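For 50-80, 90-119, the entry in TrEMBL reads domain '4Fe-4S ferredoxin-type'. As annotated by TrEMBL, [4Fe-4S] cluster 1 binding site applies to Cys60, Cys63, Cys66, Cys109. Feature annotation from TrEMBL assigns [4Fe-4S] cluster 2 binding site to Cys70, Cys99, Cys102, Cys105.
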Amino acid sequence: MYFKHFFLKIFSQIRSLLLIFLNIFEKSETRLYPEENLRLSSRYRGRIILTCTPNGEERCVACGLCAAVCPVGCIALEKTEQKNGRWFSKFFRINFSRCIFCGLCEEACPTAAIQLIPDVELGDFKRKNLIYEKNNLLISGTGKKKKYDYYVFSGVTLKNVSMGKKLHRKNKIDIKSLLP
Ligand code: SF4
Ligand code: SF4
């Protein structure tokens with residue numbers, strides 16, 4: 001029994017050395033970050049942004065669904081309204097020190113305003129610096145959904161603005177066609 005264990009251990013050592021020797025000639029997987037950029041998938045769930053419509057209007061209508069669905073409660077916002085009736089957020093705050101990057105806020109958002117992007121460089125020495133306000137989150141671009149404008153697709157009309165009317169009438173949905 002003693003000799004059996006002894007030879008098994010010797011065999012295990014030789015096998016490990018052999019595997020190390022074979023892998024010496026393999027291509028290294030080590031990335032010299034931060035000198036070398038990380039290669040993240042475009043669907044990677046990293047930093048959160050707020051996007052705008054193709055017309056440059058804020059997409060967020062302050063419905064609060066993202067805050068309601070967030071499992072850690074790290075989103076805070078308040079709704080306000082423009083003169084034409086369009087809703088937007090008075091303030092929008094995300095506490096990244098609590099965010100777990102689950103992506104549920106993005107799933108819940110009806111306007112595609114909130115999006116997670118492949119950026120992981122959020123580290124900071126002070127926790128309060130991880131509280132991002134609207135001006136830190138809002139970008140002027142559309143993000144992943146290039147042509148999406150919630151007001152146009154939903155057919156919502158605003159005072160003195162004809163947005164949504166045309167498209168809504170042209171692509172009127174026949175709800176009966178959805179019945180089984
Ligand atoms: S990614 Fe998840 S945890 Fe982070 S804000 Fe969105 S819902 Fe909350
Ligand atoms: S980001 Fe989306 S889900 Fe969150 S409040 Fe704005 S519109 Fe609603």
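All residue numbers here begin at 1 and follow the chain in the order shown.
Cβ coordinates are placed from backbone N, Cα and C, and glycine is handled just like the others.
Any TrEMBL annotation is an automated prediction that lacks curation.
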List the residues of the same chain that sit at least 6 positions away from Cys70 ([4Fe-4S] cluster 2 binding site) in sequence and have their Cβ under 8 Å from its Cβ, in sequence order, or write 'none'.
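For Cys70 ([4Fe-4S] cluster 2 binding site), the qualifying residues are Leu104, Cys105.
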Mind checking which residues of the chain, 6+ beyond the ends of the domain '4Fe-4S ferredoxin-type' (90-119), have their Cβ under 8 Å from one of its Cβ atoms?
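40-51, 58-63, 65-80, 127, 130-134, 137-138, 143-145, 148, 150.
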DSSP on the domain '4Fe-4S ferredoxin-type' (90-119): how many residues come out helix, how many strand, how many coil?
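Residue counts for the domain '4Fe-4S ferredoxin-type' (90-119) by secondary structure: 5 helix, 9 strand, 16 coil.
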Could you name the residues, excluding Cys70, Cys99, Cys102, Cys105, of the same chain that surround the [4Fe-4S] cluster 2 site, i.e. Cβ within 8 Å of the Cβ centre of those residues, in sequence order?
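Here the nearby residues are Ile48, Cys66, Val69, Pro71, Val72, Cys74, Ile75, Ile100, Phe101, Gly103, Leu104.
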Do any residues at least six apart in sequence from Cys66 ([4Fe-4S] cluster 1 binding site), in the same chain, have a Cβ closer than 8 Å to its Cβ, and if so which, in order?
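In sequence order, Ile75, Leu104, Cys105, Glu106, Ala108, Cys109, Ile114 meet the Cβ cut-off.
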Report the member of Cys63, Cys99, Cys105 (the binding-site residues) whose C-beta atom has the most other C-beta atoms within 10 angstroms.
Cys105
Validating a neighbour-count step here. Other CB atoms within 10 A of the CB of Cys60 ([4Fe-4S] cluster 1 binding site): how many?
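Excluding its own Cβ, Cys60 ([4Fe-4S] cluster 1 binding site) sees 25 Cβ atoms within 10 Å.
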Among Cys70, Cys99, Cys102, please name the binding-site residues whose Cβ is nearer than 6 Å to ligand 2.
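If the test is a Cβ under 6 Å from any atom of ligand 2, the answer is none.
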List the binding-site residues Cys60, Cys63, Cys70, Cys99, Cys102, Cys105 whose Cβ sits under 6 Å from any atom of ligand 1, in sequence order.
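Listed by sequence, the hits are Cys70, Cys99, Cys102, Cys105.
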Write out how many residues of the domain '4Fe-4S ferredoxin-type' (50-80) are helix, how many strand and how many coil, based on DSSP.
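Across the domain '4Fe-4S ferredoxin-type' (50-80), DSSP assigns the residues as follows: 5 helix, 9 strand, 17 coil.
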Would you mind giving the whole-number mean pLDDT across the domain '4Fe-4S ferredoxin-type' (90-119)?
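Per the prediction, mean pLDDT sits at 96 for the domain '4Fe-4S ferredoxin-type' (90-119).
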Please compare the binding-site residues Cys102, Cys109 by how many other CB atoms fall within 10 Å of each one's CB, and tell me which has the fewest.
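Counting other Cβ atoms within 10 Å of each of the binding-site residues Cys102, Cys109, the minimum falls on Cys102.
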